[in-house]
């Protein structure tokens, strides 16, 4: 009997150990990201967004929600967060000809984005005089922050994390509870509310949510700080949306900025600039909430069976006409 009890105990202990290792593999901290030589490498199957039955999957393997239509009660979630009297900061970058997207972005946001909440837009632009007048609702305000121009769109993208980091340190740490950084060449088409709030929030890119991770456009050069091997990765996250608690987004911005600077010192520019570094960060620092492609669609894409509603989408544009360089 004692022998059987010992075997049972050892089997249970082994099971707990294996479970713990798997959990650690999914919930690694930023220490793992910065000190990769100490990483515990675990191979695991790529998580799916759509199941074999065609139904969407509403939870990640590390037990974070994936937000789809039908997975939350909008009235209940908004009611819970309204009681907390929160402020949501929202940063937007509109440099050069990208100011032409501001009117649709702001007007559609006022109709759909955190309606009934205190929202403060922080607009970075090199042309303050081009910012359109938009009627903002109660408890909504817009602050325009002038920044230098650039003759490379890649440089504009590369410096966004630095600007976000500094804004959080100088203002948002005292002015907001949550912050979202959003692309300006977009438009809101449906409700975006408190269901999107979380400690650390990423969005699944609409172009790759059913793509094998080997085909993700991760940075594949080992010499880059954004490098992700072909056998690793969960989802491909869109750089057009990142959010969460102010302190957690600050850690994202600070870490990505540091990694961008290291690459720049070696004359390396990651495949998709800040988006590449964001994906590296999320690989080792799992988001506490993942937004489905409903929260980042592309206007040129047809509707799919999985995406029942489009809430936020990148508009159709002629890149050659709006970007300062190819």
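Using N, Cα and C of the backbone, Cβ positions are placed for all residues, glycine too.
Taken from TrEMBL as is:
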ACT_SITE  275  active site, nucleophile
BINDING   98, 183, 184, 185  UDP-N-acetyl-alpha-D-galactosamine binding site
BINDING   183, 185  Mn(2+) binding site
TRANSMEM  6-27  transmembrane segment
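Overlay of TrEMBL feature records on the structure.
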residue : record                                          : Cβ within 10 Å
98      : UDP-N-acetyl-alpha-D-galactosamine binding site : 24
183     : UDP-N-acetyl-alpha-D-galactosamine binding site : 21
184     : UDP-N-acetyl-alpha-D-galactosamine binding site : 23
185     : UDP-N-acetyl-alpha-D-galactosamine binding site : 18
275     : active site, nucleophile                        : 23
Q. If you take the centroid of the Cβ atoms of 98, 183, 184, 185, the listed UDP-N-acetyl-alpha-D-galactosamine site, which other residues of that chain have their Cβ within 8 Å of it?
A. 92, 93, 94, 101, 105, 186
Q: Measure from the CA atom of the residue listed as 'active site, nucleophile' to the CA atom of residue 183 (UDP-N-acetyl-alpha-D-galactosamine binding site) and give the result in Å, rounded to a whole number.
A: 12
(Q) Please give the maximum pairwise Cα distance, in Å and rounded to a whole number, for the UDP-N-acetyl-alpha-D-galactosamine-binding set 98, 183, 184, 185. (A) 10
Q) Do you know offhand how many angstrom separate residue 185 (UDP-N-acetyl-alpha-D-galactosamine binding site) and the residue listed as 'active site, nucleophile' by C-alpha? A) 16
Q. Whole-number Å distance between the CA of the residue listed as 'active site, nucleophile' and the CA of residue 184 (UDP-N-acetyl-alpha-D-galactosamine binding site)?
A. 15
